[in-house]
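The structure appears right after this line, and notes come after that.
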Amino acid sequence: MTAEHHPEFEQEIQRLEFTKKYMDVVIKTSETSKDQFRKNIQEAFGDADWLESGGYSELLTNAGFFEMSRSELESLRKARHKPYFARVDFERKNGEDPEILYFGKTSLYQRESQEQIIVDWRSPIANLYYEGRLGEVEYAAEGESFSGTITLKRQLMIENGSLKEVRDIDLTTTDELLQESLSKSSSNRLAEIVSTIQEEQNRIIRADLSKPIIVQGAAGSGKTTIALHRISYFIYRYKELFDPRDLMILAPSRLFIDYISEALPELGVEKAKQFTFAEYVQHAVGKPIKLSDDDKLVRILENQDESTRDDIWVSGFKGSSKFKTILDQYVKDIYKRFYPKEDFYVDKYRVYSKKKFIMLLQEEYWYLPLYSRVEKLRNVLQNHVKANKRHMLGKVAEYYDAKIDKALYKDIDPAIRKEYVTKCLDKKAERTDQVKKAIRNAAKDYIKNLERKNAFDYYQELFDDTERLADYGNGAITEEEAALICDYSNRLFNSKKYELEDMGPLLYLFALLFGVDKEKKAKNIVIDEAQDYSFMQLLALKTAMDTDMFTLVGDLAQGIHSYRGLESWEEVHQKVFPRATYSELQKSYRTTVEIMNEANKLLKLLPFTLPHVEPVVRHGEKPQFIEASKNKWAKEIKTLTARLENEGFQTFAVIGKTMADCKKADEQLRTAGLSVTLLKEQASIPKDSIVIVPSYLAKGLEFDVVFAISLEEVYEQERELDVKLLYVTMTRPLHRLYFFGRKKEDFLII
Ligand SMILES: Nc1ncnc2c1ncn2[C@@H]1O[C@H](COP(=O)(O)OP(=O)(O)OP(=O)(O)O)[C@@H](O)[C@H]1O
């Protein structure tokens with residue numbers, strides 16, 4: 001039913017006006033003072049009856065009445081142009097009056113009656129909107145379950161503070177709002193979707209917040225979006241306990257962080273820390289790390305010679321659980337280097353046995369990283385010294401005093417006695433000084449003898465000795481393989497560089513030996529494109545942060561870094577995040593049925609089985625192949641773009657397999673007079689020009705129209721990586737997909 005025809009349209013307008021006015025009053029009041037409240041209310045509403053019955057003065061003195069946090073106020077201000085998006089009427093079983101609930105992005109109470117004017121989408125009762133159908137329902141809130149009847153479910157389209165449309169959802173209507181929202185053209189930025197969150201997505205957003213979660217989701221199933229909404233939900237639920245700065249988002253590139261940046265303030269999660277993995281490692285270890293610019297992905301794409309295969313194998317190995325075995329063994333060995341050879345003496349007094357020292361080092365302080373254990377032990381020794389100080393000094397005094405006593409009673413020449421006693425007194429003073437000095441320094445000196453190195457030294461040292469490396473592997477690698485790893489790594493270190501695949505193990509060592517500073521840890525971490533992380537990277541992050549509270553979202557079908565990333569979720573689930581809930585999302589919201597059907601064909605070419613992606617029913621044009629003759633293709637894109645712009649599409653991307661084809665496209669499209677931007681990893685996405693981007697950087701992004709190009713580089717069916725890159729490319733468009741190439745087969749189109 002459209003706006004004008006809806007019988008309750010007028011009523012909804014009134015309700016909206018009331019809400020907006022009330023919001024204004026609350027905003028104004030919190031900006032001025034409590035005393036102003038009544039005045040503000042009267043100005044806004046006149047002397048309405050309900051004002052008189054409210055018992056203001058009492059309420060006004062209530063603690064917390066006006067205590068609105070800055071962020072609450074900010075969200076209220078932001079919500080002014082669209083206070084809510086849906087209404088649900090709910091009759092509880094116990095027969096109270098039906099509750100009329102308006103759901104929005106923030107909550108607002110009527111201060112006088114404590115009735116909710118707007119209910120936050122993250123509150124438990126919002127499940128009624130996301131999951132409840134008309135009729136009898138049950139929902140759980142704070143461990144309690146409520147039952148009742150939904151008598152009305154209504155969507156309210158509000159723009160710039162005015163009501164545009166009212167739609168009631170009955171049992172049969174499909175979700176028109178979702179359809180509409182999906183059919184819009186994109187703005188190059190991720191959006192919030194609170195009004196159209198789907199049931200399967202809602203479950204993931206609200207899944208047990210005390211457990212980690214792993215989501216395998218098809219391209220366009222909303223993984224990124226959901227991950228951000230889950231953080232928003234988390235912040236809301238734990239607002240008293242958590243500072244949003246304790247949350248961290250790990251994204252694949254700066255480009256991607258830029259892409260999601262617009263949705264963050266909308267969801268109130270802009271304060272979450274945002275890093276790429278490499279950035280975080282450098283932040284955690286407190287030192288910049290020079291990364292090699294050898295792009296293995298490009299090497300894999302370009303050639304498959306033996307040395308590339310070896311290099312890839314090394315990368316994969318450094319990310320694997322086998323490497324963990326080696327690192328753990330190595331750390332055990334490092335611990336042994338900290339076993340003292342002798343007991344701890346202060347001067348000649350034995351104060352602490354080495355056996356006890358080792359016991360504390362190995363067991364008592366198990367929860368601390370090695371170097372912190374050593375620091376603790378220094379304190380332990382120091383405390384023992386302190387406790388024994390009197391005793392030790394007493395012993396010295398006792399010894400010389402006894403000597404002096406003996407001399408005093410001995411029948412000897414007084415001159416000799418005097419000389420002897422003076423000597424004893426001098427000796428006593430000298431010894432006391434010696435012991436006092438030892439008391440001051442012994443613990444320090446004892447610890448000083450232990451080795452002191454940094455994480456980089458330790459990491460590099462691991463590759464010093466092939467035999468030892470193979471030994472640590474305990475059968476996981478042969479000596480030849482160990483030699484390969486050592487050679488490769490030393491070549492790299494000699495050029496004073498590391499690779500991304502070193503950063504996982506490096507962080508792991510750092511965390512175990514030194515520990516990450518508290519302020520550099522996060523309490524809840526979201527990882528997008530998690531399929532591109534290796535086992536070691538994930539384990540290192542968990543160890544570094546000292547928590548398993550991770551949200552991992554990814555898609556194995558888009559695992560283009562699988563030479564160093566994950567091939568399945570199983571091992572990570574079992575060994576790194578055993579408490580995690582695992583979910584799958586199969587429905588894709590991004591693209592049309594026609595495009596998804598074509599992309600789905602590629603999944604069959606992959607060596608593992610992934611369920612076919614189900615597109616939400618939204619139709620569009622079939623993807624089209626256009627033969628790209630040498631000089632003409634750029635002009636054709638120009639004409640096509642102009643036509644599509646007229647049709648209302650706003651964002652366009654030319655996606656090539658690698659940077660090489662993209663660079664060519666950049667040149668040719670510029671010559672054809674198009675305004676284009678070639679995207680690099682560090683770039684931000686321009687809003688008003690056609691972007692050119694290599695497939696591996698396009699991951700996670702979306703555009704209204706995609707031109708997949710194959711100028712000189714073709715996609716080969718036998719190569720898993722090619723299939724995945726093409727899959728990524730084909731799942732980027734929201735509406736239209738065109739292939740520009742020499743022949744269809746170059747895009748594996750049959
Ligand atoms: N419930 C929804 N309502 C409206 N739009 C949605 C919904 N779910 C997802 N979308 C839209 O679908 C698109 C894809 O979402 P998103 O980028 O989060 O998916 P993804 O799974 O991370 O994709 P990829 O695997 O390609 O990175 C976005 O435009 C998002 O706004």
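Placed from the backbone N, Cα and C atoms, the Cβ positions cover glycine too.
Since we're looking at a predicted model, the values are computed, not measured.
Annotation comment: TrEMBL describes 196-592 as domain 'UvrD-like helicase ATP-binding'. Annotated ATP binding site per TrEMBL: Gly217, Ala218, Ala219, Gly220, Ser221, Gly222, Lys223, Thr224, in sequence order.
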Which one of the binding-site residues (Ser221, Thr224) has its C-beta surrounded by the most other C-beta atoms within 10 angstroms?
Ser221
Go through Ala218, Ala219, the listed binding-site residues, and name the one with the sparsest Cβ surroundings, counting other Cβ atoms within 10 Å.
Ala219
Can you list, in sequence order, the residues of the same chain other than Gly217, Ala218, Ala219, Gly220, Ser221, Gly222, Lys223, Thr224 whose CB lies within 8 Å of the CB centroid of the ATP site?
Thr225, Val553, Asp555, Leu585, Ser588, Tyr589, Arg590
Long-range Cβ list for Gly220 (ATP binding site), cut-off under 8 Å, min separation 6+ in sequence, same chain only, gives Ser588, Tyr589, Arg590, Thr591, Met596, Val613, Glu702, Thr731
Cβ neighbours of Lys223 (ATP binding site) where a neighbour is any other Cβ within 10 Å
25
Far apart in sequence but close in space: which same-chain residues, 6 or more away, have a Cβ under 8 Å from Gly217 (ATP binding site)?
Lys223, Ile226, Val553, Gly554, Asp555, Glu584, Leu585, Gln586
